[in-house]
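One structure below.
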Amino acid sequence: MNFLEERIVKDGIVKEGNILKVDSFLNHQMDVTLFQQMGEEFKRRFADKEINKILTIEASGIGIACIVASCFHVPVVFAKKSKSVNIDGAVYVAEVESFTHKCKNQVIVSKKFLHPEDKVLIIDDFLANGCALQGLISIVAQAGATVEGIGIAVEKGFQQGGRIIRNLGYPLESLAIVDSMDASTGTIVFREQN
Ligand code: 5GP
């Protein structure tokens, strides 16, 4: 088991409805020493890529993305959830369905912060059905920029997102891939990765 898998086993809680709660260290209280280790691991896994911008989505991706951005020495941009419509065309927009909150949100990124020459590493805390990632990929495409890679903390491998994104050809690295989990016993099984 790697450092993140060990932490998930120690402090993660498996909930009914295929939810893994990691709010004591990842997305409510945040262990930034762990985030630093995650940032260094993403830097190692994407060492061959020329990345000049990190992109994530509000809210729980922001903490991790900031530390990753510090490891890559590049700025981080987050897609904002927005209720207002795009009147003046100054933003890129995507529709994202929230897995945890079961609602649809428009997310926006200002055109000021994403350009055709940008080489983007997308970072998020979880990958479930892949809606959040598809929204971020769409925003990068609208900007004419390039997705150089996608880094996820926890992928739920029993949901479809990872397969969809890999089939689209994106270099996707998840630090922990949960292949199965059981709320009644609390058991979590991780996918073997090299
Ligand atoms: P997707 O768009 O891939 O279906 O879901 C990704 C988003 O849903 C993530 O940004 C994350 O905030 C949230 N999410 C999905 N599954 C879980 C989960 O099991 N636990 C937690 N804490 N968040 C999740």
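Cβ atoms here come from the backbone N, Cα and C positions, even for glycine.
Here is what TrEMBL says about this protein:
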{"type": "BINDING", "residues": "LEU20, ASN27, LYS156", "note": "xanthine binding site"}
{"type": "DOMAIN", "residues": "48-154", "note": "domain 'Phosphoribosyltransferase'"}
{"type": "BINDING", "residues": "ALA128, ASN129, GLY130, CYS131, ALA132", "note": "5-phospho-alpha-D-ribose 1-diphosphate binding site"}
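Taking the Cα atom of each, CYS131 (5-phospho-alpha-D-ribose 1-diphosphate binding site) and LYS156 (xanthine binding site) are about 13 angstrom apart. Here ALA128 (5-phospho-alpha-D-ribose 1-diphosphate binding site) is compared against the binding-site residues LEU20, ASN27, LYS156, and the shortest C-alpha distance is to LYS156. Comparing C-alpha positions, ASN27 (xanthine binding site) sits nearest to ALA132 among the binding-site residues ASN129, GLY130, ALA132. Close to GLY130 (5-phospho-alpha-D-ribose 1-diphosphate binding site) in the fold, though at least 6 residues off in sequence, lie GLN159, GLN160, GLY161, GLY162, ILE164, ILE165, each with a CB less than 8 Å from its CB. Sequence-distant neighbours of LYS156 (xanthine binding site) (same chain, six or more apart, CB under 8 Å from its CB) are ASN18, LEU20, PHE126, LEU127, ALA128, VAL178, listed in sequence order. For the binding-site residues ALA128, CYS131, ALA132, counting C-beta atoms within 10 A of each C-beta gives the highest total at ALA132. Set side by side, the binding-site residues ASN27, ASN129 differ in how many other CB atoms lie within 10 angstroms of their CB, and the most is found at ASN27.
Every protein chain shown contributes to the tally, and the Cβ of LEU20 (xanthine binding site) ends up with 19 other Cβ atoms within 10 Å. According to DSSP, the secondary structure content of the domain 'Phosphoribosyltransferase' (48-154) in residues is 28 helix, 44 strand, 35 coil. Across LEU20, ASN27, LYS156, which the record gives as binding xanthine, the greatest C-alpha separation is 16 Å.
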